[in-house]
Amino acid sequence: MGGRGVLLTSNLPQLQNLIKRDPVSYKEEFLQQWNHYDSIRQIFQINPDEQAQHFRELVSFISQVAQCYPKETKDFPSHLSTLLLENYGTLTPDTRKTLVQNLVMLRNKDVITSIELLKSLFPLLPRTTSSTLRAFIRKTILSDIRTANLRTKNHKLNRAVQAMLFTMVERGMDAEVVGDKGKLRSAGPTSDKTANNGEDAMWAVILTKELWRKGIWTDAKPVSIVALGCFHPVMKVQSASIHFFLGSDDEKEDSDDEDDEGPDVRALHHRREVNKKRRGDDKKLQKQLNAAKKKKYNKNAPTTPNFPALQLLNDPQTFAEKLYDNLSRYDKRFSLEHKILIMQLLSRVMGAHKLCVLSFYTYIVKYLTYHQLRVPSILVALAQSVHDLTPPDALTPVVQKLAAEFVHPGVGSEVIAAGINSIREVCRRQPWAMEEDLLGDLVEYRRSRDKAVTAAARGLLQLYREVNPGMLKRRERGKDASIGMSKGGQPLPFGHSADAAVDIEGLMLLEDHLQKLREEEMGGANNDGEDDEATAWEGWDVETDSDSESESEGWIDVDSEGDNVEVSDSEDERESAPKPPGETDPNPNRISTLATTKILTPADFALLNDLRIQAATKAIESGGGSRAKRKLEALEANKRAMQTGPSDGTFISENDILGPRKKAKADYAERIASIEKGREGREKYGSLKGKKNKESPSSSTNREKARNKPIMMILSSGAVRGKKKASLREKQQKLRAHIERAKKSYH
């Protein structure tokens, strides 16, 4: 027995295997190792370098068999967690990695809960310097939370984790704001180095963004965590939080992946050619190529704003006011890039929730100059902040500033186009911000020789033909606008609401379409299933035999063998029945009651949009004119917006401000890419001479080349001149040698 104990204590893997098979029989040996571990742990806390290897082996051994002796090892997880959190700086990298891996193993064996594991791992993220260990901790946290929410939402775990993340962000909020320029850019560390650097808050924001991106957290609580990070005093935390709402996350900042660029496709093909051919190499190569292609597509894909997160903001008005307060108070400390980020987020919040932060327009005026750096992004932020509830008095000075700085003969055509496009986008959202005299001057630019300026001026003209033609001169209003004004149509002043909606535009098309489908179904039922229909109606008149005449007044007996009768659900539908030739419709502008009798689904609205597109197409074919074409374009744009999401119609891009531009001259890389694209699908470039009817490709031989040489070139060659100057003796020797070769070749 003693020999067995000595043998097992020196061979921990064997003892581990035996304990898993029979824990009761080997409990004494385990307790011996547990006491040994306890004594070494106390020594290890005093001197971590002494017996570190043996300590790691004991920790791994106990972690493997901890579920077999839960009572004896109940304090073991707390030992590992305390070592990591209190002595992290003195531990060697191997010991740190071993302790973290064993904690994760205990969680996988259900020895500890997810909350206990995460409480130990979260503080390690900002402290570790090893990229491998940091990536492992990050992956473990994300996978554990994802697994817990796989089937149903684990609200208890989510609340606990979100509370920890919120605390990590809130911890350094009282510090002084550290800008990215000026005197505080390189401020020295405070007493709490971690809080000063914002590492805790940064990792909290990164993990929250990752869980949101993977669809694990989709409620308002993670949005509140990132929203708090937008006001953190550390710049990188602010930037990461703002990028979350803007939808332009920089994956290189948030990710620890080493291969951000992806595999080299050319190197993969070359390796496949030169290496030894194996059966599964083709599948591996194709998998790597697909991964590289997907990564390249995701890298080049355009970024879209995080529209759901903007909608889930708690108290957006206060959030927008705090953003502006942060922007104006620390204007001297923030760089231009960071100020533009805050402007973009503030403008999108104002546009999405229709908020009014009027001081923002007085602040942004100083950046509205054509020589300002990043001025297209600033103009985009200005346009996105405007909506129909923005007071025109606050926007009129901004529009005048844009016209004075961007639209005059002293600047280039690109600047004029950008200025008019900016004014158009502002006035599209609030038409009353424009003055009549200024509008007349801007519209005159439609006669410019530059294409971009002409397009911008025509766009502004077309906008006011639709929203307020009275501000245009009579000759500029157009036919449709003039007819509308003659009938008394006038735009509503600012602050006045339109009349109550009585119908949805084009809803009659959907009602007629559904009525037609019902008629077809009823016709098929009358022809094919008369017996079934009679059976289905059986018993419905049992209780109505004794009813009075007035109660059954609305019922009509229909003979199933007679002609088909059109059944209408409302008076409006009966009024819309087709009239005989020569008879007019007494109610051509009937109002549909479909919205009051049926709950319209998104599929119904999509079908309604398609029906309106079909009607507009028929109107164009029958000579509807330019108005029908514009209506068709608007409907098609609405269909694209419904397919791509609501953010496309709410937010604009720099291309909308800059307008159509001349194609820039291609650089060297673009020319090479165009050349290589033209070579796709054809044989390798080069002459095919000498390569026909050959097993392996090769060039032509010297004898083949000599046949095509010019005669004068051959006559002046050394071989021909040598033959002419040869003596009789040399000619005889050559003839004899030729005869000998011929004899040898014959035999």
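Even glycines carry a Cβ here, placed using N, Cα and C.
For the ranges 176-198, 475-497, the feature annotated in TrEMBL as region 'Disordered' maps to 475-497. Tertiary neighbourhood of the region 'Disordered' (475-497): same-chain residues 391-392, 430-432, 443, 461, 465-469, 627, selected by CB-CB distance under 8 Å and a gap of 6+ residues from either end. With DSSP states grouped into helix (H, G, I), strand (E, B) and coil, the domain 'SDA1 N-terminal' (61-171) comes out at 83 helix, 0 strand, 28 coil.
Same-chain neighbours of the compositional bias 'Basic residues' (268-278): 285, 288-289, 292, counting only residues six or more beyond its ends whose CB sits under 8 Å from a CB of the stretch.
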